[in-house]
Amino acid sequence: MNTFPWLTTIILLPIVAALFIPIIPDKDGKTVRWYSLAVGLVDFALIVYAFYSGFDLSEPGLQLVESYTWLPQIDLKWSVGADGLSMPLIILTGFITTLATMAAWPVTLKPKLFYFLMLLMYGGQIAVFAVQDILLFFLVWELELVPVYLILSIWGGKKRLYAATKFILYTAGGSLFILLAGLTLAFYGDVNTFDMSAIAAKDIPVNLQLLLYAGFLIAYGVKLPIFPLHTWLPDAHGEATAPAHMLLAGILLKMGGYALLRMNVGMLPDAHAVFAPVLVILGVVNIIYAAFTSFAQRNLKRKIAYSSISHMGFVLIGLASFTDLGMSGAMLQMISHGLIGASLFFMVGATYDRTHTLMLDEMGGIGQKMKKGFAMWTACSLASLALPGMSGFVAELMVFVGFATSDAYNLVFRTIVVVLMGVGVILTPIYLLSMLREMLYGPENEELVNHTNLVDVEPREVFIIGCLLVPIIGIGFYPKLITQIYDPTINQLVQTARRSVPSLVQQANLSPLEVTALRPPTIGF
């Protein structure tokens, strides 16, 4: 089983399939959309088969490993593998992208180009989670941005060029830090290598780690996103189509969280111990600032975009908790938000197709004409506000308890952070339920409610939301369904991070001010 190049096949299948789209005879786009859906389903089936047949849940290290020399002159290798960090996100990518392809059914403008770019994104996103060569990681990270930019700039709204340009400038600017920090890691010391495992084993001075950590944090903070590097996201979501929404919220934001885990925590553990309080503070700012900003938004897309930023704050706090429970909760929050964010933004697209407005002031009373849509909006919003029995509740609870019980911070710091996290949790249902009240209940916009195009959701849309709600509820009632995949890897990562805390005080001779939030290690470090 392990001798077959599963990951390479999974990455290349949608990319190679995309190359055949230009020669498919198709005038109205119907053939090419069925072709793209078939490719997505086959690739997702391969992901599931490779997972069940060749992935050992008890093994924390890399599996399904492949390594082929690509450019021997610079020792660049096509090196891919999957562990507990990458496998859940590879599965999520296949699942969300396949549903996003179904969500793209209404696209009639240049359908061949659209589905061509969708398949390129599919392969590129999986590659980001699978590659184990840091230079190759940078290349696929950059190449994956091109389809996103084109989809935003061609199929977006009135300000699509502004949003697409802002997206590419932010992300490309951040990528420069990936390149500089990655090359520094590769060429530091006696051994020059791009292999991530070999880089993680290097003995890198703490001061250099701090500099590289800051560079990676800026780059991945753009994609997560982290305040104040977040401003591209509301603009991008404000102009994107439904399938682009699903990919942005469901997958692209997770690339930032994954990279923070893989590189900042995994490769630079000493620096992570110093930056951890900073991550906690940034996480709290994300939660509170974005929640208040979301509450003030009148544009439906921007309201949910800021909600996404708020939820990503829990990821940062979980990563900095130094506990198995907290970091596991951060990973679960990424997966949970991928599902919930995709469902909410799909509903935004479905609603806009009928109302042709995004302003909440103009949407009153549409629930009476969209009975099934009413139920779907309610279910997705309840999932987003972390209703017990849904995945968001479990993820946020794990982060809460994991951070509250962390022995890496003093009691005062933990108490303040937990209280502020609680404020964010309270704000979430306020702005989400008020959104539902304005949009679905009233006061009625008679012109809109009586419009002939305001029809209920169709079976295709019900199916897409149903597919997203099944894992949301399934994880909510049985979190082990997902946590068992990544817990061995997360536990190993946490132990590495915890062991690094005392080494900072001894090796870097940091001042008390720099470690004021971190107290000396106790038993278990």
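One is the number of the first residue shown, and numbering goes on along the chain from there.
Every residue gets a Cβ built from N, Cα and C, even glycine.
What Swiss-Prot records for 4-24, 37-57, 89-109, 111-131, 134-154, 167-187, 210-230, 241-261, 273-293, 309-329, 330-350, 385-405 (among others) is transmembrane segment.
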Given the cut-off of 8 Å on Cβ pairs that are 6 or more apart in sequence, determine whether the transmembrane segment (330-350) and the transmembrane segment (89-109) share at least 3 such pairs.
yes
Looking only at the recorded stretches 37-57, 89-109, 111-131, 210-230, 241-261, which one has the largest tally of CB-CB distances under 8 Å to the transmembrane segment (167-187)?
210-230
Per the Cβ under 8 Å criterion, with at least 6 residues separating them from its ends, the transmembrane segment (210-230) contacts 170-171, 173-178, 180-181, 184-185, 204, 252-253, 255-257, 259-260, 263-264, 268, 271-272, 274-275, 282, 285-286, 289-290, 309, 312, 315-316, 508
For the transmembrane segment (4-24), the distant same-chain contacts (Cβ-Cβ under 8 Å, at least six residues beyond its ends) come to 31-32, 35-36, 39-40, 42-43, 46-47, 50, 54, 64, 66, 78, 80-82, 90, 94, 112, 115-117, 119-120, 122-124, 126-127, 130
Please report, as numbers and ranges, the same-chain residues at least 6 past the borders of the transmembrane segment (241-261) whose CB is under 8 Å from any CB of it.
85-86, 89, 92-93, 96-97, 99-101, 103-104, 107, 118, 121, 125, 128-129, 141, 144, 148, 151-152, 155-156, 216-217, 219-225, 233, 301, 308, 312, 315, 319, 327, 330-331, 334-335, 337-339, 341-342, 344-346, 348-350, 353, 493
Should the transmembrane segment (37-57) and the transmembrane segment (111-131) be scored as in contact, given a threshold of at least 3 Cβ pairs under 8 Å and pairs 6 or more apart?
yes
